[in-house]
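Features as listed in TrEMBL:
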ACT_SITE  147  active site, proton donor/acceptor
ACT_SITE  151  active site, proton donor
BINDING   11, 12, 13, 14, 15, 16, 91, 92, 93, 115, 116, 117, 118  NAD(+) binding site
BINDING   39  NADP(+) binding site
BINDING   148, 157, 158  (S)-2,3,4,5-tetrahydrodipicolinate binding site
DOMAIN    5-118  domain 'Dihydrodipicolinate reductase N-terminal'
DOMAIN    121-235  domain 'Dihydrodipicolinate reductase C-terminal'
Ligand SMILES: NC(=O)C1=CN([C@@H]2O[C@H](COP(=O)(O)OP(=O)(O)OC[C@H]3O[C@@H](n4cnc5c(N)ncnc54)[C@H](OP(=O)(O)O)[C@@H]3O)[C@@H](O)[C@H]2O)C=CC1
Ligand SMILES: O=C(O)C1=N[C@H](C(=O)O)C[C@H](O)C1
């Protein structure tokens, strides 16, 4: 039997962090050696040592950091992974160009997987969007994303990634964002022609789909050579 992969969860107190902690406890291929949040109350919760982001350099040895935090928290966790030579799986959205460039540089030294969306449904939607865009030249393409009122970035990372797929197919997408209630995440990609319209939509009703995808990716990324990995490389 292979050894359990040691995970560091970054953004542990958040909506995604809590889903990751809960779902990791159900797996026998990984264990959490540290949970990092901006603020820390109790030092150990359910046997997992808690660390404040100011204590990042004191976390124990780990194999993969799983980061679902905020853009302003991303640079330190990327730097820590490079310093320790460990893998990074990140779903943090709202990263700017310099942060994206830092990921590319880091990938010379460590394995990195960043994805705007870890669900299988969005992976399929992305392919459908590219095909629809290529098949419907000249049609208007609009991407409408809806999320809970606590979401900070817009357009969502998924909307921007779907926009890249639409562009690959030759469309010029426009974006609209809605923040309301507790919507987990909805993405509508609409192609409008004259007298007809095609709508492709993904509705997430549970964050577990993202957390499961990220844990699966972490288990598969551990021990790989440095480089940029895509979700589809690890499925
Ligand atoms: N790729 C994907 O599939 C998905 C991506 N996401 C993305 O994941 C990220 C997290 O989402 P969500 O869980 O809803 O967000 P939350 O706001 O619920 O959680 C954010 C977490 O980051 C921590 N944090 C905030 N600021 C800092 C900082 N400066 N340094 C260290 N830690 C910090 C928070 O700690 P504290 O509570 O102490 O402030 C908290 O643990 C977002 O970017 C979101 O877009 C979300 C779902 C799926
Ligand atoms: O913040 C969220 O909640 C989500 N963020 C990701 C994004 O920005 O696309 C993925 C998912 O839609 C949920």
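Each Cβ is built from the backbone N, Cα and C atoms, and glycine gets one as well.
The model shown is predicted, which means the values in this text are computed figures rather than measured ones.
Distribution of TrEMBL features across the structure.
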| residue | record | Cβ neighbours (10 Å) |
| --- | --- | --- |
| 11 | NAD(+) binding site | 26 |
| 13 | NAD(+) binding site | 18 |
| 39 | NADP(+) binding site | 9 |
| 93 | NAD(+) binding site | 24 |
| 116 | NAD(+) binding site | 20 |
| 147 | active site, proton donor/acceptor | 25 |
| 148 | (S)-2,3,4,5-tetrahydrodipicolinate binding site | 13 |
| 151 | active site, proton donor | 17 |
| 157 | (S)-2,3,4,5-tetrahydrodipicolinate binding site | 20 |
| 158 | (S)-2,3,4,5-tetrahydrodipicolinate binding site | 25 |
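Taking every protein chain shown into account, 15, 118 are the binding-site residues, and of these the Cβ with the most other Cβ atoms within 10 Å belongs to 118. Here the candidates are the recorded positions 39, 147, 148, 151, 158, and by Cα distance the one nearest residue 116 (NAD(+) binding site) turns out to be 158. In the three-state DSSP reading, residue 116 (NAD(+) binding site) counts as coil. With respect to their backbone Cα atoms, residue 11 (NAD(+) binding site) and residue 157 ((S)-2,3,4,5-tetrahydrodipicolinate binding site) stand 17 Å from each other. If you draw a 10 Å sphere around the CB of residue 91 (NAD(+) binding site), it holds 23 other CB atoms from the protein chains shown.
Taking every pair among 11, 12, 13, 14, 15, 16, 91, 92, 93, 115, 116, 117, 118, the residues recorded as binding NAD(+), the greatest CA to CA distance is 20 Å. Filtering 11, 15, 147 by Cβ distance to ligand 1 (under 6 A) retains the following recorded positions: 11, 15.
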